[in-house]
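To start, the structure itself, in structure tokens.
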Amino acid sequence: MAEKPATVNAELVKEMDAAPKKYPYSLDSEGKANYCPVWRFTQPHMMAFHLSWICFFMSFVATFAPASLAPIIRDDLFLTKSQLGNAGVAAVCGAIAARIFMGIVVDSIGPRYGAAATMLMTAPAVFCMALVTDFSTFACVRFFIGLSLCMFVCCQFWCGTMFNVKIVGTANAIAAGWGNMGGGACHFIMPLIYQGIKDGGVPGYQAWRWAFFVPGGIYILTATLTLLLGIDHPSGKDYRDLKKEGTLKAKGAMWPVVKCGLGNYRSWILALTYGYSFGVELTVDNVIVEYLFDQFGLNLAVAGALGAIFGLMNLFTRATGGMISDLVAKPFGMRGRIWALWIIQTLGGIFCIVLGKVSNSLSSTIVIMIVFSIFCQQACGLHFGITPFVSRRAYGVVSGLVGAGGNTGAAITQAIWFAGTAPWQLTLSKADGFVYMGIMTIGLTLPLFFIWFPMWGSMLTGPREGAEEEDYYMREWSAEEVASGLHQGSMRFAMESKSQRGTRDKRAAGPARVPQQLRLGARCCQARGGLIRCVLAQSLGATGCSD
């Protein structure tokens, strides 16, 4: 017997209607913000945005603070060039596994606890920098401080949770870009802190040690603010509360989530190419001050101030990368996002080569470094205009894997060209290292041509006929999980993701089509004595159905 259609998600519709009164921006069907007003601190969307980038900013400051004071630390601990280079490799190696693990953590307990725990657990390592006595302790402490770079995953996951798919590239890029500024800010801030302590009467060999109490203390402060002010979900509640209430469906067993993320080849390609945008940025953050100090005979304060320019360009460069991604997606869809990434990152590789070729001129070096930083950092932002669409169910795992690719690229590149330990590195200058790093960047960006989404296509080929967003995202769920209603977030995301077809795509979006997994889930539900509508109505967000 047919029933009168009943509107599902009534509370969500009511919330969306009230959004203009409650928030200074509109919300989408998932409660995510359709706009990112960075000057506001509105709960929960904008407060999460600001807490995420501030925590990430501090992780960069602490990780690269030793590189900012490298000439001073090198002389005090009697470190060789190769030892200093290996310590730099250790700093970025720490976060490789940590970023993948953090992806699992945020998928399970939410970004707020993940961010706060990261800051509190690595703060002791920052303080311990004051106690190092030789290369082994110095490298060990840098390794453990570098673990905090997994904050990147919390930052991107949190923003991806709070902002609509049409602006998620911009929001992710702004937050990550402002966080990345810490890599430049530390080159400016740490020499000033060191000099201020030294001018206060503290000997130089002690002053650099005292300087590390500043970022260590700020670690604890930011973790406390995150716990007190942060909120995990657009609903205004934390993950654990939503799971207790049943409002936020569990993602099922952990292994299927990990399998979805690691088993998607697109994740690995983006991890590889991110290693030569963000990885290149990390490498430059590690070596630029020492390069300017030694190559041009500058004092530490001047070398630090000039080196800081590269990282401080993140104030707008990474954000513009995300904006470019969202802008080209409007007419060209996902294919436009991938093309833009390939073009920008290739240009970054070209200017990296040029940077190594102008090593005899300080003015030319600074100008080319600025241009190089623009393309390199825009490419970072462009990556996370694509990453959220690889997997809805395993978004945290994919973000962690791609982020880990950045650290892996930095570790490999620095070990090959800048560590000073291999035989060929004995006669290799840092300028030559920049040239070869640029060549690697150009070559290892080419795999982007192999990324293909069945519903959107690739850089050179179109979509598969009849492919729909619902099919792609629903394949991550089994029939039993669908019958349990665990897939609902993926279905809503699939509907929002139709915007990635681009306005030039002539396919009509039309009504939501029931994917194969959903039909199987309905049969499973019916076989267990339930009603088909318990799957269809809740999943499609449409009106009710009949028996």
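Numbering starts at 1 and runs along the chain as it is shown here.
Just so it is clear, glycine is given a Cβ too, placed from its N, Cα and C backbone atoms.
What you are looking at is a predicted structure, and each value in this text was computed from that prediction instead of being measured.
Look at Swiss-Prot and you will find 53-73 (among others) tagged as transmembrane segment, backed by sequence analysis. Within the chain, the transmembrane segment (53-73) has long-range Cβ neighbours (under 8 A, six or more residues past its boundaries) at 79, 84, 87-88, 91-92, 115, 118-119, 122, 126, 129, 138, 142, 145-146, 148-149, 151-152, 154-155, 174-176, 178-183, 185-187, 189-191, 194, 204, 208, 211-212, 215-216, 218-219, 222-223, 225-226, 285-287, 289-290, 293, 300, 303-304, 307, 311.
Taken from Swiss-Prot, the feature transmembrane segment covers 86-106 (among others), and the record attributes it to sequence analysis.
Annotation source Swiss-Prot lists transmembrane segment at 113-133 (among others), citing sequence analysis.
Summarising the annotation, Swiss-Prot assigns transmembrane segment to 143-163 (among others) and lists sequence analysis as the type of evidence. Sequence-remote contacts of a segment are chain residues at least 6 beyond its ends whose Cβ falls under 8 Å from one of its Cβ atoms, and for the transmembrane segment (143-163) they are 32-33, 36, 44-45, 48-49, 51-53, 55-56, 58-60, 62-63, 66, 90-95, 98-99, 101-103, 106-107, 111-112, 114-115, 118-119, 121-122, 125-126, 128-129, 171-172, 175-176, 179, 219, 232-234, 384, 387-388, 395-396, 399-400, 403, 406-407.
Remote same-chain partners of the transmembrane segment (173-193), defined as residues 6 or more beyond its termini with a Cβ less than 8 Å from a stretch Cβ, comprise 36, 38, 49, 52-65, 67-69, 151-152, 155-156, 158-159, 211, 214-215, 281-282, 285, 288-289, 300-301, 304-305, 307-323, 325, 377, 380-382, 384-385. Residues or ranges marked as transmembrane segment in Swiss-Prot (evidence: sequence analysis): 173-193 (among others).
What Swiss-Prot records for 211-231 (among others) is transmembrane segment.
If you look up Swiss-Prot, you'll see 262-280 (among others) marked as transmembrane segment.
What Swiss-Prot lists as transmembrane segment is 296-316 (among others), and the listing cites sequence analysis.
Beyond the transmembrane segment (338-358), the same-chain residues lying 6 or more positions past its ends with a Cβ under 8 Å from any Cβ of the stretch are 273, 276-277, 280, 321, 324-325, 328, 332, 364-365, 368-369, 371-372, 375-376, 378-379, 382-383, 385-386, 431-442, 445-446, 448-449, 451, 458-459. Sequence annotations record features per position, and here Swiss-Prot assigns transmembrane segment to 338-358 (among others).
Residues 156, 168-169, 172-173, 176-177, 180, 270, 273-274, 277-278, 280-281, 284, 288, 306, 309-311, 313-314, 317-326, 329, 334, 337-338, 340-341, 344-345, 347-348, 351-352, 354-355, 358, 399, 402, 406, 451 of the same chain sit 6 or more residues outside the transmembrane segment (366-386) yet have a Cβ under 8 Å from a Cβ within it. Positions annotated as transmembrane segment by Swiss-Prot: 366-386 (among others).
What Swiss-Prot lists as transmembrane segment is 400-420 (among others), and the listing cites sequence analysis. The list of residues near the transmembrane segment (400-420) in space but at least 6 beyond its ends in sequence, with Cβ under 8 angstroms from a Cβ of it, reads 80-82, 84-86, 88-89, 92-104, 146, 149-150, 152-153, 156, 261-262, 267-268, 270-283, 286-287, 380, 383-384, 387, 426, 428, 430, 432-433, 436-437, 440.
Among the features that Swiss-Prot reports, transmembrane segment is placed at 433-453 (among others).
The stretch with the most CB contacts under 8 Å to the transmembrane segment (262-280), chosen from 113-133, 211-231, 296-316, 433-453, is 433-453.
Through the fold, the transmembrane segment (433-453) approaches residues 266, 269-270, 272-273, 275-277, 280, 283, 287, 334, 338, 341-342, 345-346, 348-357, 386, 389, 413, 416-418, 459-461, 463, 472 of its own chain, all at least 6 residues removed from its boundaries and within a Cβ separation under 8 Å. Outside the transmembrane segment (113-133), and at least 6 residues removed from its termini, the chain residues within Cβ reach (under 8 Å) are 51-52, 55, 58-59, 62, 65-66, 77, 102, 105-106, 141, 144-145, 147-148, 150-151, 153-155, 157-158, 209-210, 212-213, 215-216, 219-220, 222-224, 226-227, 230. Here the transmembrane segment (296-316) has Cβ contacts under 8 Å with residues 60, 68-69, 71-72, 177-188, 190-192, 195, 281, 284-285, 288-290, 362, 365-366, 369-370, 372-374, 377 of the same chain, all six or more residues outside its ends.
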